[in-house]
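Enquirer: The structure that follows is given in the form of structure tokens.
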Amino acid sequence: MAHDGSGVEGGEFDVVFPLLHGPYGEDGTVQGLLELAGVPYVGAGVAASAVGMDKELARTVFSAVGLPQTRSVVIHRSCWRGSPGQVVEEVEREFNYPLFVKPASLGSSVGISKVHDRNQLIEGLNGAGIYDTKILIEVAVEAAREIECAVLGGENPEVSGVGEIVPGAEFYDYRTKYIDDCATLIIPADLPEATVSQIQEMSIRAFRAIDCSGLARVDFLISQDGEIFLNEINTMPGFTPISMYPKLWEEAGLSYPDLIDKLIQLALARHSQRRDLKTTL
């Protein structure tokens, strides 16, 4: 690859739409490669992609700007494998079950488990440790509603209405998403106007907090008493015609083809701005 984009195998490209999930897809690695090659691309830059992928880093940034999140702790795999008994004791001393155990830097709910007791905690830590060297443990919000909001733009992003996912299982895991296909999408979500406005405002804050660009889907949990928690940000959300992100914009009056066109224009504009920067001395 050449920095002017001319050395890419297969010819020149106007813009790349990196519809990739997980490590080496939406974690800043592909984005960094495209930056080095001088190729415009849709979506977040290197830093925002990396932070958005790493749940520990993202939580740290969101906490710094005052966005509400569930309580959590990060366990390093080396600590878990070296002193499993101590880790379990410390987790149980700090938190009550149920808990979510997650690889810190993975997508599509791979490796996530909801645990209700010590045996399940041990199993969950072992399972998450297959995929990552950092394991995130979060307090579960019981009977939570899963709400999602779409963000689109650059320095002055737009925000969609909100949608709700009804998983059809205990939680929205990989199997529910991709195998059983038993989740229901409700657009728009049946929520008070004030709650919708609060979620939209928090979505913009999360987007800006990690210096995101192009697109993002911001996911929330709402407890039974109406408390809102930011769950995570997805810098490259699912993008099939029936995925939540494009469906939210369709509800707002922006068609799938027009959404793609807008994202391409945003990518080209961002690339043009960066190309004008001085990068050598």
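Cβ atoms are placed via backbone N, Cα and C, with glycine included.
Straight from TrEMBL, here's the annotation block:
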type	residues	note
BINDING	K55, 100-102, 108-109, 138-146, 231-232	ATP binding site
BINDING	D219, E232	Mg(2+) 1 binding site
BINDING	E232, N234	Mg(2+) 2 binding site
DOMAIN	59-265	domain 'ATP-grasp'
Enquirer: Take the C-alpha atoms of E138 (ATP binding site) and N234 (Mg(2+) 2 binding site) and report the distance between them in angstrom, rounded.
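Expert: Spelling it out, the Cα of E138 (ATP binding site) and the Cα of N234 (Mg(2+) 2 binding site) are 18 Å apart.
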Enquirer: Express the distance between the Cα positions of N234 (Mg(2+) 2 binding site) and K102 (ATP binding site) as a whole number of Å.
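Expert: Given the Cα positions, N234 (Mg(2+) 2 binding site) is 15 Å from K102 (ATP binding site).
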Enquirer: Calculate the distance in Å between the alpha carbons (Cα) of E232 (Mg(2+) 1 binding site) and K55 (ATP binding site), and round it to a whole number.
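Expert: Here the two Cα atoms are 7 Å apart.
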Enquirer: Rounded to an integer, what is the Cα-Cα distance in Å between N231 (ATP binding site) and D219 (Mg(2+) 1 binding site)?
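Expert: Between the Cα atoms of N231 (ATP binding site) and D219 (Mg(2+) 1 binding site), the distance comes to 5 Å.
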Enquirer: Which of the three DSSP states, helix, strand or coil, fits V141 (ATP binding site)?
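Expert: In the DSSP reduction, V141 (ATP binding site) maps to coil.
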Enquirer: Between the Cα atoms of K102 (ATP binding site) and D219 (Mg(2+) 1 binding site), find the distance and write it as a whole number of Å.
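Expert: So the Cα of D219 (Mg(2+) 1 binding site) lies 16 Å away from that of K102 (ATP binding site).
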Enquirer: If one looks at the chain holding K55 (ATP binding site), which residues at least 6 apart in sequence have a CB under 8 angstroms from its CB?
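Expert: Set apart from K55 (ATP binding site) by at least 6 residues yet with Cβ under 8 Å, we have K102, A104, S105, L136, E232.
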Enquirer: Could you state the CA-to-CA distance between V141 (ATP binding site) and D219 (Mg(2+) 1 binding site) to the nearest Å?
Expert: 14
Enquirer: Could you please provide the mean pLDDT value for the domain 'ATP-grasp' (59-265)?
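Expert: PLDDT averaged over the stretch: 93.
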Enquirer: With H, G and I counted as helix, E and B as strand and the rest as coil, say where DSSP puts K55 (ATP binding site).
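Expert: Its secondary structure by DSSP: helix.
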Enquirer: I need the CA-to-CA distance for D219 (Mg(2+) 1 binding site) versus A144 (ATP binding site), whole Å please.
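Expert: Roughly 12 Å, rounded to the nearest whole number.
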